[in-house]
Amino acid sequence: MENPIDSLLLQPIYLSVLSFFLNLVLLLILFGSWLFKKRVACEDTDAIMNEEFKHISFSYNKLVLICCVSLSVFYSVLSLLSCLHWHTNGWPFLDLLLAALTWGSISVYLFGRYTNSCEQKVLFLLRVWWVFFFVVSCYHLVVDFVLYKKQEMVSVHFVISDLVGVCAGLFLCCSCLWKKGEGERIDLLKEPLLSSAESSDNEEVTAPFSKAGILSRMSFSWMSPLITLGNEKIIDIKDVPQLDRSDTTESLFWIFRSKLEWDDGERRITTFKLIKALFLSVWRDIVLSALLAFVYTVSCYVAPYLMDNFVQYLNGNRQYKNQGYVLVTTFFVAKLVECQTQRQWFFRGQKAGLGMRSVLVSMIYEKGLTLPCHSKQGHTSGEIINLMAVDADRISAFSWFMHDPWILVLQVSLALWILYKSLGLGSIAAFPATILVMLANYPFAKLEEKFQSSLMKSKDNRMKKTSEVLLNMKILKLQGWEMKFLSKILELRHIEAGWLKKFVYNSSAINSVLWAAPSFISATAFGACLLLKIPLESGKILAALATFRILQGPIYKLPETISMIVQTKVSLNRIASFLCLDDLQQDVVGRLPSGSSEMAVEISNGTFSWDDSSPIPTLRDMNFKVSQGMNVAICGTVGSGKSSLLSSILGEVPKISGNLKVCGRKAYIAQSPWIQSGKVEENILFGKPMEREWYDRVLEACSLNKDLEILPFHDQTVIGERGINLSGGQKQRIQIARALYQDADIYLFDDPFSAVDAHTGSHLFKEVLLGLLRHKTVIYVTHQVEFLPEADLILVMKDGKITQAGKYHEILDSGTDFMELVGAHTEALATIDSCETGYASEKSTTDKENEVLHHKEKQENGSDNKPSGQLVQEEEREKGKVGFTVYKKYMALAYGGAVIPLILVVQVLFQLLSIGSNYWMTWVTPVSKDVEPPVSGFTLILVYVLLAVASSFCILIRALLVAMTGFKMATELFTQMHLRIFRASMSFFDATPMGRILNRASTDQSVADLRLPGQFAYVAIAAINILGIIGVIVQVAWQVLIVFIPVVAACAWYRQYYISAARELARLAGISRSPVVHHFSETLSGITTIRSFDQEPRFRGDIMRLSDCYSRLKFHSTGAMEWLCFRLELLSTFAFASSLVILVSAPEGVINPSLAGLAITYALNLNTLQATLIWTLCDLENKMISVERMLQYTNIPSEPPLVIETTRPEKSWPSRGEITICNLQVRYGPHLPMVLHGLTCTFPGGLKTGIVGRTGCGKSTLIQTLFRIVEPAAGEIRIDGINILSIGLHDLRSRLSIIPQDPTMFEGTIRSNLDPLEEYTDDQIWEALDNCQLGDEVRKKELKLDSPVSENGQNWSVGQRQLVCLGRVLLKRSKLLVLDEATASIDTATDNLIQETLRHHFADCTVITIAHRISSVIDSDMVLLLDQGLIKEHDSPARLLEDRSSLFSKLVAEYTTSSESKSKRS
């Protein structure tokens, strides 16, 4: 018995009544609004309205207006035809008449609208009405189809009316959600009042997407100019339009942050709250894409629903004239809707994903800016960069899949409904079969989450170590340790690869189950029909098969969806966990505005500790006051807490107790210089505008003018990463210049003078501290006692406490700590006095002679010549298409490519079995009940099941082969790339920002690990699938080739037209990622400096700008892809419709209805499959750019061999340690100027040689050449008669020892830092620690030699790090030792002890010392003085000091005069 409610709902008359009353209500509201406006109208309303309408944007308001007018005209015509031609009356006629009146009223209302507050409510109501209209029209259309299926008469004009209503309603609903360029919702009913000038300005900055009309957006024609440009030239980054302002990172970030903080009063960020804030920041795109996904899903099932009717029509069961063409039209319209909604869905989803990535990158960066140092020790730079480079990208990629879970539920529901209509009760078995498939995947999904989490942790560990190694590559090469650390990274990769292997094989299992699912579900349903004795007819079978084929897509995609859900969940958890870390305490420092207090710095009962859990605080009992304008010096032994005190004033050290107040703006000069990659000028300005006069004064005070003249591009020279092309002294003085230029109130100097020579140090102290900063508050840490007498207050520190405080003469006799420091300094001066003849020159004379000397050598060296190039070059970018060689090399990585043909064979076999099973079901089932089936039901199901099992087995084999091959290729690519990176020369690292390398090691490697194998497999699967479909269709009606051949040609042409622009957009997007990673890494390393200058907003703006650069390239790359896919799907849809027309036009009986139905079943997916194949091919090429970039690094020129077997030196080499240099010429690159100019000298074996000279004169370059870090351009160096160029690098570097200028420690333990090669016993290590004055410090630690060392040794002071480096050489005991500013960061007393240790342990060794402290080289046997890359003097110190005109004598005089004069003034 029929349900009465269903009967009621299906009566057209009741639908007409409902529609009539909805129209009537809206008319009454519009009439009431009109009356209200008449009462409150102003005199100038008409003028405003007319002016407003004059500037209405055609792309929005007029299209909506035209749509409403068209509907009014349409319903008017339809009502007249109903009355005059069809003789319809009653409610249907009244409904059409009132609809015409309603849409006419809306049109008049829109044309004459006003902009008052009351109006907004009416505008909102119109939007609601449009949604209702769309829903009611859809319901009308459904009723039409149901009535049609019941073979009841349906009026044609009703069907036409409902179709027009659905299309117009969809357009009006979509228009409600479109946005405008200024970041606000487009009000389709209201435009802002803009003058012509303002409109013009707005058009100049608005992106093409925001200016595009509705038709342009629907067809993606707004991308056509850029794609056309890509065919005319190679697209550069300046050719790509900007993002719309509402889509910029800044706009989205502040929305995201406000939602996150508003929802999180406790500052506790959970994964759910993070998801919620992400959704609210891009909700419009997500909601619109969800609506489009819903319409797409419904439209996909129109064809299966009508499949039985189509087969019956071909079989001769025709219900009315032209039924075939009506069916073809319905199929065609459904496919058009499917095409349009899918493309817009994907585009909007990816747009939302880009927005989420932007806000996450900015939020992670923002967190990095507020992260205290103790939190950073738990999360290294590599881990944080991984969050930004991998996890944020993964969440962005999830936008492809975010609607899939609920869409799958909808699709399964629709499929079960259609199956029920086709198979009756037998379809019920499909439901438990589907549930069983889902349950079978549950354990695999849980394993996937576990494997993914472990995979990301292991990736973090690898990236952490990679980042640390790249940062310290120079010291690794100097020590000959690079291959040892490479093996550590390969071990970490091996652990990662273990989890990766489990992950990909688990994914293969999921893949196999779900790919076999459609066959399993269909076999279950058909078997149930057999058991229930439900007759199987070909029409119903084909409807079921068509449903299963549509269901195949989401089911096949389900493994990837599950994988992405798991990966995204892990990434969200990791980011949420990171964002939950404690921020830097804001209440550590009480900040007062400039000039509000006489006290600049005041600490009362202060206790500070880097580690809250430590029983012994870092600083305790801190009590002192610093008045405005005071000079305060801080001194003490290594590790006494000097740098920590400055960090406490900056607010970097957590406060345990006490009060700290700071009045005014701060500037900070770190002990280890932090220099940004960029121009020298940019480093000095540091965000402030150029003031030329002040800028020149700063350069003069910092003694930088001479250095800038030497640099190839003066202050426009681009500094390499970490200032690699500058000397230590130059970096320090640029850092000082940066602080001076800020014109702050309080200056904090952390021992900046130790990195420069005595003359430069004295000049800086006089011109900076006593000159430009004479009226400023200055607090400086120093180990140089000669700079103490000028201080208004001296703080002497020991073990984290201030032991003495006062002026120089007040504390000189009041305690032993200060006396020890001064005594050591006096002893050093006495050593110098015993060597020199007492000559001391006047400084003015020295300066004058230096100027003459500089001018003369500038002429000799040709430094006025034009420079030939910058050290840091733009990132390499391939041009044109990705070459076949890249594909060939990539595929050959796994077993020489032998597995690839096997995968193709398995896939072809699977395709044949799949088509065969469906062909079998179609062939043996009768067209109608009247025809006797040729085989029994048991045979029918048995053969189908056997074919399905065989095809499932092929799926399993294919999945395993793809996983195995992809894993092998990714692993080999990783190994080859890293091997070449570690074997690259230092010139590569000098010219390549670390971010570029990390980008390849993280993002590009992730693509190779997880994305590329699946992409390759899908291309093969889709291509073979398409060939199979075309084969099936051609077998039925070969005439379709007439249509397919030109369509395929057109598709190929479109692909070729598109790929030029798309390829370059993808490359530019890949390149634009590196600056983001590099900026991130650079910021984390200099975070203390950035915070001290209050530069967080500027750096936040920089990361947003860099993120926007990537987003706009990715956005337009996505737009280009959808531009192509839309056109391909449109062509395929026309081809599909043409095929249907051929089938229905054929004479009855010519075409087998069952086979024709099978052909249509396969053809239903042809448009999507063909477009997806082309899209995947293009995306594969874009993804192959990652492989291309990694392969670039497998072709990096390597250093000379590590070992040359034929010329290996004896184990005792070098036995004497004699170094002979002949005509040595050195430059840092072929395009860079010469640094050393023809040096010739000899370092006698067993003697100690000191190398001195002004900052930047070439001292460190000479040492780098000795270790072959830089290869000579000409000349040679011989050690004990062996040319160092003739032996392997490892044999050379492992026989030499060096304490480098920049002390380096690696994450690990004290033991692993002293003995990374594990060659020495604990007793030997303890002996080395005692000799380098660190033994007692390490014994205090609970874990002794296993005490932890954090990333870059951040939990040890710079001086202690330098002592650890000294401990390494004491263990190694090489015959030749180089000290490159080895004691620059330690106090004089410790320096004297170390010098004594070196004299004792290296008495018979050749020792080369570079030092700015004259006391460190004065007792050398020989002194070599360099100036601008030339040897000026080379003799014993005594002989040089005898010659009062020698440059060395003048250097010593400057040092002693400066020190003694300051001591006397005290």
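Using the three backbone atoms N, Cα and C, a Cβ is placed for every residue, glycine included.
Cross-referencing 322-339, 1150-1167, 1402-1419 with Swiss-Prot places the feature transmembrane segment at 322-339. A C-beta separation below 8 Å, combined with a sequence spacing of at least six in one chain, links SER640 (ATP 1 binding site) to MET797, LYS798, ASP799, GLY800. Sequence-distant neighbours of LYS642 (ATP 1 binding site) (same chain, six or more apart, CB under 8 Å from its CB) are ILE634, CYS635, GLY636, ASP750, ASP751, VAL781, MET797, listed in sequence order. Around THR637 (ATP 1 binding site), taking its Cβ as the centre, 22 other Cβ atoms fall within 10 Å, counting all chains.
DSSP assigns VAL638 (ATP 1 binding site) to coil in the three-state reduction, placing it in neither a helix nor a strand.
The 10 Å shell around the Cβ of GLY641 (ATP 1 binding site) contains 26 further Cβ atoms across the protein chains shown. Cβ packing within 10 Å was compared across the binding-site residues GLY636, GLY639, and the lowest neighbour count falls to GLY639.
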